[in-house]
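Trainee: Would you mind keeping the following structure in view while I ask a few things?
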Amino acid sequence: MVLMVKANITERNRCHIYSVIMVILTLMPSHLAFHLTILWLDITCKLDRLFNTQTVVEDIPYEVRRAQEINHIFGPKGSDDAYDLIFDLHNTTANMGGTLILENSRDDFTIQMCHYIKNALAPEPVPVLLIEHPNLKYATTRSVAKHPVGVEVGPQPQGVVRADILDKMRTIVKHGLDFVHLFNEGKEFPPCTIEVYKIMEKVDYPRNKNDEVIAIIHPNLQDQDWQPVNNGDPLFLTLDGEVIAHQGDCTVYPTFINEAAYYEKKQAFVNTVKMELTAEHIRSSVVDHNTS
């Protein structure tokens, strides 16, 4: 599910962003995948990988056509007419809790929003995943907007509706929209710093020479998203009982652990490292303009 927020941000700099006029729409990116309780129809054309303005396909699969429709309605991507804010709502089979996903470490508006949401939900943790990696970043559905925010909530099995997960998703979005409302009212948000987990690598399952999976997630790692893993800690367990351990000098924090939809993408989990992001103060300059 994607929540689109149309805004009139016609002029921006590091400290002033024009007021957001909210026109909220919801969108189901892939109706066919939803009814089949899968993430995508064509593994080579996952919808969240198709929002690249350079993508040109002659024989257009369903996901490509859907991506073009979304870009036409809510974009064009990278243009002044593009929607200003998109909440891209996902659930996951991984034990990620309520996670926010950032794409740009220099986007003061979304960093400030994450800071607001994290404080509103404290002491409940709200991890922030930064996917700003040159080799791992991809063009997401939400990237059509000027300020994309991903929301990933789990654990929830595919095809299952859980009230607690739905409530957590609703609460996160509510606080995000509260932030936008306060911003529109002229509230100034001072500089802030948040802790994020920056994606560093994708880790596949161990495989044999026939490319078959030969090990599963170790019990000590299962459901331990965002927990530290150090050199020698167990990652996988073969059917013969052999433990495959992490090898590396630095501490990593795996997430998307054992995500069901990523088996066919050859991803057991992703490793992240902790870092801090700082945002400068922001305040709607429309408020100043209207009172002058």
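Cβ atoms are placed via backbone N, Cα and C, with glycine included.
Just so you know, TrEMBL annotations never went through curation; they're auto-generated.
Features from TrEMBL:
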ACT_SITE  E152  active site, proton donor/acceptor
BINDING   H90  Zn(2+) binding site
DOMAIN    45-179  domain 'Succinylglutamate desuccinylase/Aspartoacylase catalytic'
DOMAIN    193-271  domain 'AstE/AspA barrel-sandwich hybrid'
TRANSMEM  20-41  transmembrane segment
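Please situate the listed features within the shown structure.
Mentor: Around the Cβ of E152 (active site, proton donor/acceptor), the number of neighbouring Cβ atoms within 10 Å comes to 23.
Neighbour list (H90 (Zn(2+) binding site), Cβ cut-off 8 Å, at least 6 residues apart, same chain): G150, V151, E152, V153.
Over the domain 'Succinylglutamate desuccinylase/Aspartoacylase catalytic' (45-179), the average per-residue pLDDT in this prediction is 84.
Across the range of the domain 'AstE/AspA barrel-sandwich hybrid' (193-271), the DSSP-based residue counts are 3 helix, 30 strand, 46 coil.
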Trainee: With DSSP as the yardstick, break the domain 'Succinylglutamate desuccinylase/Aspartoacylase catalytic' (45-179) down into helix, strand and coil residue counts.
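Mentor: The counts are 52 helix, 24 strand, 59 coil.
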